[in-house]
Every structure is written in structure tokens, then in C-alpha cells.
């Protein structure tokens, strides 16, 4: 009887996805209409608390990156930009001055360079195992472990007296970053109802931007050891909250804890909510997956998962190759060239990102993922082109006074578009892949995203010496490719449960 119910439910989900396929072909993706088996849900206290917990993870990501950028902003704004941009990219986190850490600990330039580069190494290592460790241990236990690594990393930096402990702390933070960037949107996507999933997940890049800005502003006024202690606060806030948030209901279904699944859903949706249909859909969908999947690492390369894998990997890789790190690292130079102090520029940038990020969270469940991604990708493409044009004009002395302003417009447009677009690939990762292959897909996508991001950060200095205008035109081309990918392959997923989305994707590939 249980097997018959599973087959019937799976057939119904596939049928629902097939009914929407006709509409999808007009929109360039898998059609997913506004129907669904789960009624619109309100925001409960536990749901809000759980989302806040994941948002603290994202804020911690921003703190780690913001501390890294602090050295970049200060180094670049004090001395010749190209020389110190390269040094800053290699060195990473410091106090408001690189020399203070080197003086306190007696570090050589080589030792300090190793300290900075270790963040990227840790992030790549964390990214490579992010999906699998979250699948093996569960979302909640993984958060516990990440908080230990996060707090320990900052404390190691704050109280270190020897270089190796400084490096160990930095490695710990990078490892935390590599896993958290995957875990935060995945957890939110799995606990939220369909009508709130988009806007709640969109808070992740917004919180990361706030963390970056917070670290830069505070780090301009406090000692580097004090800054490390302040950066540990998001992790300390998360620890007591972990006692109250639930595990992901999808993961509970995956490991066969059906009673816990129902209790968690009731907790997330409210005591008076009818969670029977949602619980049944989740359990039956997971059961149907077990019938044809052994959860091997190579399951992700089955024909039915190739298209969504190409979509998400493509979006993440093209986003990184579109110059995100370059714009962040070079922003201080652009501010100074435009006659604006780096502090004023950063505050203005943070305000612009906040306003556009909030607008994105409002629109993502109304306009949909795909239209928002198209608009943001177009903004990224145009902003890269404007920045390249500004350098081209400056090189030929065609518009000396206006070219810095044009670069500033490009920077503001780019970072505003980025905060809207950057969370959508991670949201699609949580939506397009079923629980049996989500870990493998997450590890692959996260690893490629970190590798391409590192490549841009490392080679940007060499490329901008080759042609400061040309490199931004190349970034514009990658952003255009991202726009084309979004227009031709990305499905619309708003208003559907995860089970309906994944069944539709599977059916369309057959």
C-alpha cells in the first residue's frame, strides 16, 4: 500500500510538472505554474528565528571577506594602486594598516602573504566538501561545527603570539566560508514555504554585504586584535539560537526520521497549520528517489540532472568570471579617481546595495527568479562596459574629467546589480536538485564558484596591467554570456514546492 501511494503521488507531481511544461517553453525554461499542494504560509516565530540564524552565517561570511578587503582598501588608497593592489590581493586580512600585524608578530612579507592566501585555500577546501558534509551530518549539526571553526578562527587571530596560529585561524575562517556559502541558502530553501522561499533566501547576499561594510567601517577605527574579537560576535550570537532552531525537514525525510519531520513542519508552519499534504509530498518524493538512486557521488551525472547542473554551474562560474572580485578590490581606486574618499564611497555603496537588495527580496517571489536574474545580469553587463569605457577614455585623454565619474557609475551599478543577482544561483541550487543529489551538486557548484573567483582575484592585477579597459570589456562579455544563459536555460521556479519543481525538471529531461 505504501509503495502504491508513493507511485501515485510521484505520478501526480510529474503530471503537475508536465501540465506546466507548455507554458515553460515560451519562457525559456521548465514551466512551473502558480499551483501547489501547500497553502501559502505565514511567518512563524521559529521560521523567522531559523532564517535569522542562517542570516548570521551570511553576515559572518561578510565579516571574513570584509576583513580581507580592509587591507585592500587601505593599502590601495595610500600608495600607487597597481603595486599595492597586487600586494593586497596576496596579503588578505589585516588591521587598518598591514604594518601593525607585521610589527606585532615580527612577520616577514612572505609570512604575511601566506597568511592572506590561506583564506582562499580554506574556502576551496570547504567548498569541495560542503554538500557532502551537510548531507552526512545534517544542516543543524553542520552549523554547530561551523560556529566552532568560525569563533576559534577569530580568537586564534585575536590572541596569537606566533605566526602559525595566525595562519591556522585564517585557514579555519576560509574553511567556514567555503561551507557556509552553500549551507545558508540551502537551509533557508528547505525550511521555508513556497511563497516565502525566494525573499528569505535573497537575504543571504544582502547580509553578506552588510557584514563586509560593517567590518570595513569598524576596522577603520579599532586595533586589528579588537577587530578580530568584534568579528567573532556573529558566531557567539548563533550558538544559543542553535538550541531553538529545527533541522531541515527534507533532510529528516532523507534519513528516515518521519515523526521528526512532521513535528518540525508543525513547528515551522504553526501549531494550527495543516501540514499533512506537505509532509506526505516530502516523504513520498524522497521514497521515490530511493527507488532509483543509491546516492553515489556519480548520481549527479545522470542525464536528468545534467541540464540543471549546467545551469547552476554556468551561472556561478560566469558570475565570478564577470569580475565580482575585481570590482570589489578595485573600488577604492575608483573612488579616489572620482575624487571621493574611500569611506564616503563605501557608505554610499552600502546604501545602494541595501536599497536594491531589499527591492530584490520584495520582487523575487512576485516577478520571479528568471526576470530578476535577467535584469540584474543586464545591469552587470552594462556596468562592466561603462567601466571599461571610462578607462578607454582616460587612456586616450578624451574625457579626463568625466571618465572617473563614468567609472563610479559603473561601480555603483555593478555592485547594486550583483547583490540582486548573486543569491539567485544559490536559490536555484536548493530548488532544482532533489535531496539525494543536492550534496554532490552543491560541492561541485561551490567548488567551481570558488576556483573561478580565486582565478579572477589572482590574475586581475596582471590583466589590468595588460589593458585596464580591455579587462573590463572581457568582464562585460562574461556577463553577457550569463544573460544569454539565463534567457535560454534558466527555469522559473516561483510559487512551487521543491518536490514539484524537481519532479518537473526530471520529467522534462526524459
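From the backbone N, Cα and C atoms, a Cβ is placed for every residue, glycine too.
From a predicted model like this one, the values you see are computed outputs, not experimental measurements.
Among the residue ranges 171-188, 261-278, 279-296, the one that TrEMBL annotates as transmembrane segment is 171-188. Using a Cβ-Cβ cut-off under 8 Å and counting only residues 6 or more beyond its ends in the same chain, the transmembrane segment (441-460) has close neighbours at 85, 89, 120, 123-124, 127-132, 134, 178, 181-182, 186, 300, 305, 308-309, 312-313, 316-317, 319-321, 323-326, 329-330, 425, 429, 433, 471. Under the criterion of 3 or more C-beta pairs below 8 Å, with sequence separation of 6 or more, the transmembrane segment (334-360) and the transmembrane segment (200-221) qualify as touching. Using a Cβ-Cβ cut-off under 8 Å and counting only residues 6 or more beyond its ends in the same chain, the transmembrane segment (309-328) has close neighbours at 69, 72, 300-301, 373, 380, 384, 387, 411, 414-415, 418, 421-422, 424-425, 428-429, 432, 441, 444-446, 448-449, 452-453, 455-457, 460, 464, 471-472, 475, 478-479, 481-482, 485-486, 489-491. Below 8 A, the CB atoms of the transmembrane segment (466-487) and the transmembrane segment (372-393) form 3+ pairs separated by six or more positions in the chain.
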